[in-house]
Each structure stands twice: as structure tokens, then as C-alpha cells.
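Swiss-Prot annotations:
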TOPO_DOM  1-10  topological domain 'Cytoplasmic'
TRANSMEM  11-31  transmembrane segment
TOPO_DOM  32-130  topological domain 'Extracellular'
TRANSMEM  131-151  transmembrane segment
TOPO_DOM  152-700  topological domain 'Cytoplasmic'
BINDING   GLY227, PRO228, PRO229, GLY230, THR231, GLY232, LYS233, THR234  ATP binding site
BINDING   HIS449, HIS453, ASP525  Zn(2+) binding site
ACT_SITE  GLU450  active site
REGION    644-700  region 'Disordered'
Amino acid sequence: MNNNKGGFLRSSVFYIFIFLAVVGMVYGLFGNDKTTTKTITSSEFIKALNDKELKSVTVQPGNSIYNVTGTYKKAQTATKDKGLSLFQPTQKVTKFTSTLLPNDASLKSVTDAATKTKTELVTKQAENSGFWLNLLVSLVPVLLIVAVFYLMMNQAGGGKGGQGGMMSFGKSKAKPSDPKDNKVRFADVAGAEEEKQELVEVVEFLKAPKKFVNLGARIPKGVLLEGPPGTGKTLLAKAVAGEASVPFFSMSGSDFVEMFVGVGASRVRDLFENAKKSAPAIIFIDEIDAVGRRRGTGMGGGNDEREQTLNQILIEMDGFEGSEGVIILASTNRSDVLDPALLRSGRFDRKILVGAPDVKGREAILNVHAKNKPLADNVDLKAIAQQTPGYVGADLENLLNEAALLAARRNKSKVDAADIDEAEDRIFQGPAKTNHNMSESERRTTAYHEAGHALVGLVRSEASVVRKVTIVPRGRIGGYALMTPKNDRYNLKYSEAKEQLAGLMGGRASEIFMFNEASSGASNDFQQATGLARQMVTAFGMSDKLGMVQLEGNASVGYADQAGNRAYSEETARLIDEEVRRLAREAFDDAIAILRDNKDKLTAIAEALLEVETLDEKQIKDIYLTGTFTRKDIQDDTELAKAKSFEEAKAAADAKDSQAEQRFEKQDEEKSSDDHSESKNEDTDSTDKSETDDNNTENK
């Protein structure tokens, strides 16, 4: 709207100038009457007066001069005088105007000349309007400057109630939220029951403080939510805002600091002042590590500004005046970099770790996000929760959302297990490259590589299970073997770590064992294996040579300063490298031994991969135990992937849907014919018949 107003103003001024120009032209052409007034100098006036050319003279005091007007006895002829119109070269002049110096000598000379020539002389008093006119003329520029300055200030401030303008830098952007606008409640937060209870207590204290005050308790001044990304820290804060019947101020840590010095501290003061006026109130600072980092670890003016902002937060939370009636919630996934003064009791009294949910928590989260999604009968949310250890709430929500998008792409009315399985692959590995043409040699190498991972994982299966093996290219990989822990893992044993290392080395071991040649496909395996082996040696104390010490793996351990200088000697570094190589070599030798003892099973898994490209957990176990597996109908999106336009993609999806309908109709016809034949058997007991129908349905 501001742009439109500015354009209208500019166009109005333009039309005003056009109008004035036209008026000036009209006045120049037609405005001058035939009786023209001529402006003459003082000398010309005195000469004309002495020559008896003037009929009458009028003298009137003006602005520091005497204004003289009068008429000629005879009309004068004027030629192109500057006081005349350009379109009238010659005119008859009967009147004149002139000026005199405002002194007695000038006035006496005019009076004497008029008396001598017997010319009529008239004197008038000065007009009072001149004073007001002069005053107005002098005030107009001042008023214009004041108006322009006011408009600039108003525009810089963002208008009425505006934010982000030049003059509002020191004002906090946080506004109290209306609980009616926030639909998130504690019932919408699943998988974090203990964390939720801690925050429910805070809300209860605000609503009914007498229950706690009677026992001498005080509400925590600050609650810090810490944990990995995606675990629901901000969602918990939204639930607090939705449940609390008090003003809720929300602000990001990065919103405090701007390009001007002192803005951050000013915004902190303004935020807490507004919260204190609305007390009891809650302040939520998201990603507080953006402003609450440890002091003295950086250089430059930006760091000084951040430290000044942090100091103001420390003062407001627990300074001389305190912040009575105001509770501070904050979230971060980097609590290790926060300043110790910020974390001490009296500021953040309660620290809540919001970690990855366990299997029950994952199932509860899946149930929450599946409420608005129609699921097929073959979808088991409990099984999905068991198969997704380490997933956080954001991952699970994205998993079901991607599955719903895939089901819509395939023109399904419900989300089935195949959609969820494909969605998991797409999220973590990328979409399948169905048009990626691999040579037969590359496919065979990839198949044996992934079969090596799977076989070692099947043999060393005390802690992990092989869920899937595929040679379908996705993202930057040509295939992968998915192995997940059997249960939620909170500690890693030495034997379990050795299992993981052997599984990671299974791919390269299979290449060497079958083809006696290595490929670049194991680079990511080596990266993971090296990282795990290094952690075993430097962080977990699993090396006899180095002992039970922590050399790396912590921000305060392993490095003496910010420049990255190591706190241990070169000899220790050499021992670390030797131990990492030893663990990797032992894992490789273990994998080679497993493959040598199970060569027939390795070949069976690889040939099955070359045939169907993807094997699930049951198929892999069947091949390992029996040498055969059951093939299943796999969703094929090849035609959808090849489509070049929306119309072609829609046609391909409709064709697939039509084929599926024909298949279902055929099954229904077979079922109806079976039911019809059974109805003819009059000797069958009704109870037995009902059981037979149920069995037939289950088999189908």
C-alpha cells in the first residue's frame, strides 16, 4: 500500500506542475490587460517627477523600502520591457511602480519635487498583512522540514505498530501469543512423557500456585530444553503456550543481535519489561545457543555485541532486580557451548533432556501423525516403531507424510506398507534411479558387495538384524544393506562394536573373495569403520595399548586450544593410528572367514539380488536357511519415472490403477465362484462353513 500511495503522490505533484504551467501560459497570453504598469528605477522616477510627466504619486512604507506607485499624464510607449508580456512587443503604459530608500532624505526630495511641479502626492500607512506574510514565508520551510523529518521517522519505525524499522531496532519483536490461536496441546505431544510432565508442572504452578507455595516451593526461574534436532523441543514449548493461560512471549536467539551495537541488550531489556508488565508470563527463547555461547572464545566486534547481549540476559534472569513472575523457557541442541553462568541454578533451575524416543514413544508418535491418514490393513505401526531405532519425532512425521505422498502418486485410497517402505528409502537414500543403466559387471559386483554385508550381518547377528538389501541405485550409492539394532541401544559393548566393524568390512571382503579385485564402492564403509574404530580407541577406552583414557570425543578433551593443537603427543597419535588399523584388519579377516565358510549362501543371496534387486528381512532369512525365497509383487514406478509431463504421469498412474482394479475384480470373481460352489453343499455344517470361509479369506 505504501508503494501505491507514493505513486499517487508523485502523480499528483506531476499534475499540479502541469496545471501551474498551463495557468502561467494562459496568464502570459491573456492575463495582461491593455493598461500596463511599468517598473522604473528611483532615478527614472525622480527625473520623471521633475520633468512634470507624472499626474499623481503614492508613497507607502513597505518591507524596509518605500513603495512608489503613480500614473503618467500621457501614456508612454514601452518596447519589450521585462515587465511586459513577450507576446505584446509594444504597449501603452499609463502606470508605474518604483522604490525609494527608507530615509528622510529620499522622502524630502520627493516631497519637494512634487510641490515644485504641483504633482498630486499621496502617502499611505504600511499594511499589517506584510508582517504575517513574511512570518508565513519564514515558517513554511521550517514546517516542511519538520513534516519531512516526521514522515522519515514514521517510515523508519515501520508505521503504526510496525516492526523492523530503523527506529525500532531496540524494541523486542516478541509479542504475547493468544492461546486461542495456538492449537497445540500436551495431548499432541507423544513419545516424551517424562519431559512433558516436567513442563505440565510449570503450567500447573502458574494456574494454581497455592498448592506449591504452601509447601515452601518456588517455581523454577528457567527451564532449558536440550537434545538432538527434531526431538520435539519447540513442539513442547508450543504445547506450553497452548496450555498456559498466561501471556507467552516467543523469540529466537538470533533475533536479539543486529548490525548496531547495543541493540541486543536493548531488546532483552524491552522483552523482560513487557513480560514483567504482563506477569505472570512465560518467555520462550528458541535456539538460545545463538546468543548464549561461552564468553571469551571469539574475537571481533560481533562477539563483543553477543557477549553484551548475554550479560543482559544473565542480569534479567537473576540480577539485582530479578524477574519475579516470569518463567524463561529455552531450547538448544548445543548445550555444550553455552556459558556456565547461564546454566547455573537460579537461572536455568531445570534442564530437560529431550532425547530420541524409545520403541513405545515411536509408536505413540506414529499414532499421533497417522490420525489423519487412512492406513491399509497391512500397516503395523508397532512393527514400524521396532524397525526405526534412533528415529526422532520429525523423522517419523516425515516418514508418514512421504508415504502419503507416494500413495497419492500411485492413485491409492490408503497408505500401505509398500508406500512406507519406499518412503523410508527415499528419505535417507534418495529416490530410486530407475533409468540408471548399470553394466552387467557393475551390477554383479554391487550384488556380491551387498550380499557380503548381509551374510556377515546374518552370521554376526547377536545385536543387529539385516532388514533389507538392495542394488537399486539411490542418490550417490549403487545399493545398500540396511542393518538395525534389535533393540534400542543405550550402550555399545566391545563385542557389538566388533560386529559392526565386521559387517562394514563384509562388502570389501566379498569383492576380494569372489573377484580378487577391490572397487571404490567400499569408501563409505571405510569411513564409518574408521570412525567407529577411532572412537573405540580414543573415546571408549577399548584399547589395551592406550588404556582406559579419553583422548578425543569431547569438546574439552583432546585439544589444548582453539587452534586445534592436540593435547597428546606424537607417539600417542601413532599408537592411535596403529590400533585403528589393527581393528579394521581384524574385522576384515573375520568377514573373509565368514564368507569362506558360507560361500554357497553368499552366491545365493547375490544371485537373488541380481534377479529381484531388493530383498527384505524374511526373504534374506529364507535364503540363508533354505536357499530359496518367495517372490512378491513389488510396486513398480518405472512408468511414472519415465513420464515427461503431468499428462503422461497421470496416464501412467491411471494405467497402473486400472491393472490393479482388474486384478482385484478377478480375485472377487474367484471368491464368489468358490462361495457359490460351497452353498450347493447342503450337508456342510454352518459352523464349519463359517470357519472355512474365514480360512479362505486369510489365505487370500
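Here the Cβ of each residue, glycine as well, is placed from N, Cα and C on the backbone.
Rounded to a whole value, the Cα-Cα separation of ASP525 (Zn(2+) binding site) and GLY232 (ATP binding site) is 31 Å. THR234 (ATP binding site) falls within a helical segment according to DSSP. When the binding-site residues LYS233, HIS453 are compared by the number of other CB atoms within 10 angstroms of each CB, LYS233 has the fewest. Fewest Cβ neighbours within 10 Å among the binding-site residues GLY227, PRO228, PRO229, GLY230, GLY232: this applies to PRO229.
The Zn(2+) site is set by HIS449, HIS453, ASP525; from the centre of their CB atoms, other residues of the chain with a CB within 8 Å are GLU450, GLY452, ALA481, LEU504, MET505, GLY506, GLY507, ARG508, SER510, GLY521, ALA522. Counting Cβ atoms from all protein chains shown, GLU450 (active site) has 28 others lying within 10 Å of its own Cβ. Close to the recorded ATP site, the chain also has SER331, ASN333, VAL354, VAL392, GLY393, ALA394: residues not among GLY227, PRO228, PRO229, GLY230, THR231, GLY232, LYS233, THR234 whose Cβ is within 8 Å of the site's Cβ mean position. When the binding-site residues THR234, HIS449 are scored by other C-beta atoms within 10 Å, HIS449 scores highest. Looking at the topological domain 'Cytoplasmic' (152-700) alone, the prediction's average pLDDT is 79.
Each of the binding-site residues THR231, ASP525 was scored by the number of other CB atoms within 10 Å of its CB, and the largest score is that of THR231.
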